[in-house]
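Annotated features in Swiss-Prot:
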ACT_SITE  His158  active site, proton donor/acceptor
ACT_SITE  Lys162  active site, proton donor
BINDING   Gly11, Gly12, Ser13, Gly14, Arg15, Met16, Glu37, Gly101, Thr102, Thr103, Ala125, Pro126, Asn127, Met128  NAD(+) binding site
BINDING   Arg38  NADP(+) binding site
BINDING   His159, Gly168, Thr169  (S)-2,3,4,5-tetrahydrodipicolinate binding site
Amino acid sequence: MTEQVRVAITGGSGRMGRTLIEAAKQNELILLGAAIERAGSTLMGVDAGELAGVGAMNVAITDSLDKAVDDFDVLIDFTSPEASVVHTDWCARNGKAIVIGTTGFNHAQKEQISAYGDQIPIVMAPNMAVGVNLMWKLLEVAAEVMGDYCDIEIIEGHHRYKKDAPSGTALKMGEVIAETLGRDLEKCAVYGREGITGERDRGTIGFATVRAGDIVGEHTALFADIGERLEITHKASSRMTFANGAMRAATWLVEQDAGLYDMQQVLGLKGITI
C-alpha cells in the first residue's frame, strides 16, 4: 500500500477518541480526514490534533458525517452500541468501510451490523490489541487440554467509567472457551455469585467484574484443578494499544471486499494452530 488510508473518527473528544486521533497522527499509513462529535458540542471547529494534544492537524471537529463524506474512506467507531448501529447504517448508504471497537451490543444490534456486512467491509472486534487476540488463541489450547477437568473463571477489570459489564473482551474469552468445549455460553455462564450458591458446577464458566480507578483493561482466564491452576492474563497499560490495532484494521480493511471481519483475520491468526 502506497497511499495513506483516510479515516474519520467518531466520538473525537472522548478518552478513546482522542487516543485514536493521536494514533492516526503517529501512523505514517493513516491520514485523519475527519473527527466527529455530537451535535451541540462546545468543541465544534476545534482542531482535532490540538484537542488530542498532538499539535494542529488541520482537521476541525464537526458534528456530521454528511459534512465529511468526501474526506475519508474508513470510519473508526468506538462510541455506544446505539450510535455504532446508526454509524454503520450511514456507512452502508455511503459506501464507506467501518472499524467498530464498541462493546455492549445486544443480540439484535449484532445482527443488524452483521447484515450490513453484505454491503460494505466491516471489522468488528471487542478488543483490537494484538496481545488480546493472541490470548484468545492460547485460550483455545488451554480449554482443549484442561477445560473438561478443571474449574474455569474469567476475571476482568476496567476503569470506573466503563458502562458495560462484563466487558466485551471477557465475553469473547468465554465464547472462545465454550466453543472449544462444545458448550453454549448462554447456558453455562455464571455472572457473579452471592449468598449460598452450593457446590460449584464444573460445567459452568464464571465471570467476575471489577470497576475501579483508571484501570485501562485487565483480563484473566483461570483454569483451576486440585493441586494446580493455570492463569492466562492480558494487561493493557494504555488505550494506545487499542488505537494502534484500530489503525492496523483500517489499513487492512480498505483492501477487502464487503463482509464482516474480526481482528483474528486482520492479524492473520485464523487457522493458525499454536
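The backbone N, Cα and C atoms fix where each Cβ goes, glycine too.
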Within the same chain, the residues at least 6 apart in sequence whose Cβ is under 8 angstroms from that of Ser13 (NAD(+) binding site) are Glu37, Ser41, Leu43, Leu51, Ile61
Neighbouring CB atoms within 10 angstroms of the CB of Glu37 (NAD(+) binding site), all protein chains considered, total 23
Record-annotated NAD(+) contacts Gly11, Gly12, Ser13, Gly14, Arg15, Met16, Glu37, Gly101, Thr102, Thr103, Ala125, Pro126, Asn127, Met128; largest Cα to Cα distance in whole Å is 22
Apart from the site residues His159, Gly168, Thr169, the 8 Å Cβ neighbourhood of the (S)-2,3,4,5-tetrahydrodipicolinate centroid comprises Thr103, Pro126, Asn127, Glu156, His158, Lys162, Asp164, Ser167, Ala170, Gly217, His219
Quick tally, other C-beta within 10 angstroms, Arg15, His158; top of the recorded positions is His158
Note: in the chain of Gly11 (NAD(+) binding site), residues six or more apart in sequence with C-beta under 8 angstroms of its C-beta are Gly17, Ile36, Glu37, Asp77, Phe78, Thr79, Ala83
Spatial neighbours of Gly168 ((S)-2,3,4,5-tetrahydrodipicolinate binding site) among the recorded positions Arg38, Thr102, Ala125, Asn127, His158, Lys162, using Cα within 10 Å, are Thr102, Ala125, Asn127
Row His159 ((S)-2,3,4,5-tetrahydrodipicolinate binding site), column other C-beta within 10 angstroms, all chains, value 14
CB contacts under 8 angstroms to Lys162 (active site, proton donor), restricted to the same chain and 6+ apart in sequence, sorted by sequence, are Arg211
For Arg15 (NAD(+) binding site), the spatially nearest of the recorded positions Arg38, His158, His159, Thr169, using Cα atoms, is His159
Neighbours of Thr169 ((S)-2,3,4,5-tetrahydrodipicolinate binding site) among recorded positions Arg38, Thr102, Ala125, Asn127, His158 (C-alpha cutoff 10 angstroms), in sequence order, are Ala125, Asn127
Excluding its own, the Cβ atoms lying within 10 Å of the Cβ of Thr102 (NAD(+) binding site) add up to 26
In the three-state DSSP scheme, Glu37 (NAD(+) binding site) belongs to coil
Quick note, Ala125 (NAD(+) binding site) and His159 ((S)-2,3,4,5-tetrahydrodipicolinate binding site): C-alpha atoms separated, nearest Å, by 20
